[in-house]
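I have placed the structure first, in the form of structure tokens, so that the comments after it can refer back to it.
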Amino acid sequence: MPVITLPDGSKREFAHAVSTLDVAADIGPGLAKACIAGRVNGELKDACDLIETDAELSIITAKDEEGVEILRHSCAHLLGHAIKQMWPETKMAIGPVIDNGFYYDIDLEHKLTQDDIDALEKRMLQLAKTNYDVVKRVVSWQEARDAFAARGEDYKIAILDENISKDATPALYHHEEYTDMCRGPHVPNMRFCQHFKLMSIAGAYWRGNSENKMLQRIYGTAWADKKALSTHLTRLEEAAKRDHRKIGKQLDLYHMQEEAPGMVFWHNDGWSIFLELERFIRRKLNQYTYQEVKGPLMMDRVLWERSGHWDKYSEAMFTTSSENREYAIKPMNCPGHVQIFNQGLKSYRDLPLRMAEFGCCHRNEPSGSLHGLMRVRGFTQDDAHIFCTDSQVQEEVSACIQMVYDTYATFGFENIVVKLSTRPEKRIGDDAMWDRAEEALKQALRDNNIEFTILPGEGAFYGPKIEFTLHDCLDRAWQCGTVQLDYALPSRLGATYVAEDNSRQTPVMIHRAILGSLERFLGILIEEYAGRFPTWLAPMQVVVMNITDKQADYVEEVVKFFKEQGIRASFDLRNEKIGFKIREHTLRRVPYLLVVGDQEMENKEVAVRTRDGIDLGKMRLEDFATKIHQQISLRSLKLLEE
């Protein structure tokens with residue numbers, strides 16, 4: 001007689017084993033109709049799974065984030081169902097949930113076209129509208145293998161052979177004549193999967209290994225209702241307009257090419273923004289009392305073995321050899337910073353020692369994962385490492401948090417989600433050390449009035465971590481900042497200091513990044529601002545245009561004056577109509593467009609308008625320069641107004 005405890009504390013007693021769906025029906029028909037799955041004693045279960053003992057139960061519906069994720073997973077199976085009806089010879093690989101949607105990798109000789117995708121989507125909707133039940137069967141490993149062998153599903157067989165224990169009991173989900181294998185849970189009926197869209201096709205290697213066969217990957221998105229789907233598609237349209245790759249080309253900021261995959265060729269205007277970001281962070285480093293250092297790009301393999309990176313990251317490291325020695329190009333800066341710390345005897349009086357670097361790092365990311373500035377192989381980290389004592393951790397972490405929030409606010413990011421990853425099952429150190437470390441991070445967050453969620457067991461083996469994820473104007477999440485405690489690396493690389501009692505102690509190391517990769521953060525900014533950078537970041541802040549050749553000398557004089565004032569200015573003396581010039585520089589997103597005619601030349605003035613088309617009237621050069629300087633010094637996100 002299981003007793004089911006609901007989230008509000010109420011209890012319901014049943015005479016026999018019940019499913020989540022049974023409990024929902026006992027509460028009311030509306031909830032039964034909305035029930036997608038259940039969380040039983042903290043674990044997600046299919047709505048039809050039986051609960052045989054006393055349990056705590058949360059009923060999952062499409063209003064829950066977990067419910068939407070489940071229906072997305074079921075939409076992947078629905079896609080598989082439609083594919084096998086249209087191309088029975090297809091071999092199905094994997095179909096997981098991803099952010100806002102799902103995909104399925106398939107092995108099909110026929111190369112899919114957009115017309116095929118449209119037809120697939122139509123078939124999926126036809127199937128979903130029949131409202132068929134999804135039937136779950138838990139079988140033995142051998143039964144599952146036999147079922148897929150009979151269907152010629154080689155990839156499912158490979159998953160069973162390579163990833164699933166023969167003692168396991170896999171779950172098979174039957175969508176009428178189509179069968180798929182999954183941990184689940186899935187929707188009990190396809191009426192929940194009515195609001196989806198297939199988005200694109202791409203190539204993907206089986207297992208992500210370029211030595212394996214190239215499969216076709218079909219991406220889709222799915223939502224709980226029509227309105228949510230429509231909102232998402234509208235947001236995607238806006239995101240496409242803001243795509244940093246497209247805007248980067250339009251504004252001549254950078255390019256990438258096949259001969260250097262994942263490496264950025266910065267053009268003048270893009271490099272100007274990059275350097276401005278560096279200058280801004282450098283001022284922050286000075287404000288928070290950091291040393292700035294520069295480590296070598298390449299170090300001997302022996303050092304990477306001592307640090308532990310060779311065992312964990314060697315596949316992602318670029319290597320080379322010279323004079324019978326093997327070297328690795330650094331994928332991160334931390335081992336180099338420990339080497340700098342180790343030069344000369346350090347005392348407890350020298351701590352905390354804050355060491356920062358704009359480190360040029362390289363990681364051999366899979367070619368299929370490269371994506372403009374967002375995923376590259378060569379990147380610059382605004383990386384820092386703080387060497388401190390145990391008692392200094394909380395104060396130092398608190399300062400890191402303040403630095404992160406100060407920085408993000410400057411760029412207009414105010415919606416920051418914070419997560420604290422705590423001790424994993426496999427870890428170094430005793431529980432007392434982890435208790436102190438985790439409490440120090442929690443208290444630092446509390447001291448700054450930061451709300452955070454805890455990710456149990458998600459910390460690194462060498463220490464807990466805080467992650468900062470910013471949300472942009474399209475509510476997309478970008479994980480950028482991290483504060484990570486490290487109790488392992490200083491010890492591995494022999495870092496010590498002389499304590500107050502003259503004993504040798506190992507410092508705690510705090511890894512700290514704010515922007516993360518400058519390349520990626522610049523990509524985020526391009527999309528956040530749609531290329532309309534605030535004045536302080538804009539590569540060209542002012543363009544001065546003449547109406548006739550008569551004003552050419554004065555225009556050059558004006559630009560010279562602005563440049564002497566430290567304002568990034570250029571002129572446009574082309575023999576074109578002024579309306580044409582204004583439109584062209586508006587498309588280039590230059591913040592201020594200055595027009596000079598006879599009257600402005602005579603009065604030593606400029607007619608000022610913004611890229612938004614706002615006419616600010618005529619101003620004396622000194623007055624305009626003063627206003628711009630004020631904007632730049634305040635790092636204002638807005639342009640001057642009337």
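In case you wondered, yes, glycine gets a Cβ from its N, Cα and C as well.
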Have a look through His267, His385, His471, His585 and flag the one Swiss-Prot assigns to the Zn(2+) site that Cys334, His511 belong to. His385
By a 10 Å Cβ neighbour count, the lowest-scoring of the binding-site residues His385, His511 is His511
According to DSSP, collapsed to three classes, what secondary structure does Cys334 (Zn(2+) binding site) have? helix
Do you know the mean pLDDT across the region 'Catalytic' (243-534)? 93
For Cys334 (Zn(2+) binding site), nearby residues of its own chain (Cβ under 8 Å, 6 or more apart in sequence): Ser307, Asp383, His385, Asp486, Leu489, Met509, His511
What DSSP reports for the domain 'TGS' (1-61) is 14 helix, 24 strand, 23 coil
Give the sequence-ordered set of same-chain residues, not counting Cys334, His385, His511, with Cβ within 8 Å of the centre of the Cβ atoms defining the Zn(2+) site. Met332, Asn333, His337, Asp383, Ala384, Gln484, Asp486, Leu489, Met509, Ile510, Arg512
